[in-house]
Amino acid sequence: GTSRQIPQTIIIGVRKGGTRALLEMLDIHPNIVVAATEVHFFDWDENYVKGIDWYRSLMPFSYGNQITIEKTPGYFTSPQAPGRIHDMNSSIKLLLILRDPTERVISDYTQVYYNRVESHKPVQLFEDIVIKNGALNTKYKAIQRSLYDVHMEKWLKHFSLDQIHIVDGNTLIKDPLPELQKVERFLNLPSRIMSSNFYFNQTKGFYCLRSDGRERCLHESKGRPHPLVNSSVLEQLYSYFREHNAKFYRMVNHSFDWH
């Protein structure tokens with residue numbers, strides 16, 4: 001009695017915002033099934049040309065009462081993704097998880113840093129990438145990805161605000177349940193995720209999951225320690241994002257506790 005369904009909900013981003021944590025936590029819900037991998041259907045042309053049947057073939061089997069969710073953080077910053085998703089389903093519900101944009105930049109750098117170390121490639125200090133000739137290097141991709149207002153503008157050309165639920169990534173890590181209950185309401189699902197589904201792992205410093213009698217934590221690549229960043233560089237980042245954040249708050253009619 002199961003079949004593969006095109007997702008009724010997509011986690012569209014943002015990279016290093018907590019998309020994996022959100023997906024794993026939602027997977028606890030009996031009415032949700034999740035795609036195992038990031039599909040990159042709407043942002044990579046070489047996948048998009050394979051067509052909707054190829055996309056569906058990568059989805060998990062589900063029952064009629066279940067919602068299929070996939071997550072690809074690259075969608076949020078992709079110029080093509082909003083229009084392509086709208087063409088597939090103009091009434092789809094979208095989940096966007098965001099965190100403090102400066103923290104997100106540092107987390108973005110940290111992931112690339114560790115990947116380069118593991119591949120025995122040369123690495124640069126954070127400050128040497130972020131500052132060029134004494135000024136903030138605003139062309140750095142990690143900074144571009146944190147301009148939430150710029151990217152949100154593209155999505156709001158195709159979707160109404162009530163189709164996009166924003167999850168606070170900073171809150172999700174500190175206190176997951178209230179954020180997940182908001183998602184349950186947004187998706188019109190019965191309330192099934194409970195506080196007993198989470199336990200705090202002192203070693204890792206964040207919440208792990210408990211469901212179906214099993215306990216599991218996010219992959220070891222999650223929650224890696226960030227480098228200590230020079231305070232004057234941090235101030236330059238805070239200052240640069242301030243106006244963008246204010247514009248974003250106006251766009252979504254909601255403020256966040258960001259620098």
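Every residue gets a Cβ built from N, Cα and C, even glycine.
Note that TrEMBL annotation is computational and uncurated.
Just so it is clear, the model here is predicted, and its values are computed rather than measured.
As annotated by TrEMBL, domain 'Sulfotransferase' applies to 7-244. What TrEMBL records for Lys16, Gly17, Gly18, Thr19, Arg20, Arg99, Ser107, Tyr207, Lys222, Gly223, Arg224, Pro225, His226 is 3'-phosphoadenylyl sulfate binding site. According to TrEMBL, the feature active site, for sulfotransferase activity maps to Lys16. The annotation disulfide bond is assigned in TrEMBL to Cys208-Cys217.
Spacing of Cys217 (disulfide bond) relative to Ser107 (3'-phosphoadenylyl sulfate binding site) is 19 Å (Cα to Cα, whole number). If you measure from the Cα atom of Ser107 (3'-phosphoadenylyl sulfate binding site) to that of Cys208 (disulfide bond), you get 20 Å. Taking Cβ-Cβ distances under 8 Å and a sequence separation of 6 or more, the neighbours of His226 (3'-phosphoadenylyl sulfate binding site) in its chain are Glu103, Ile106, Ser107, Thr110. Geometry remark: Cys208 (disulfide bond) versus Arg20 (3'-phosphoadenylyl sulfate binding site), CA distance 12 Å. Of all the binding-site residues listed (Lys16, Arg20, Arg224), Arg224 has the fewest other CB atoms within 10 A of its CB. Summarised as a single figure, the pLDDT of the domain 'Sulfotransferase' (7-244) averages 95. For Ser107 (3'-phosphoadenylyl sulfate binding site), the count of additional Cβ atoms within 10 Å of its Cβ stands at 22 [all protein chains shown]. Sequence-distant neighbours of Gly18 (3'-phosphoadenylyl sulfate binding site): residues of the same chain at least 6 apart with a C-beta under 8 Å from its C-beta are Ile97, Arg99, Val167, Gly169, Leu172, Ile173.
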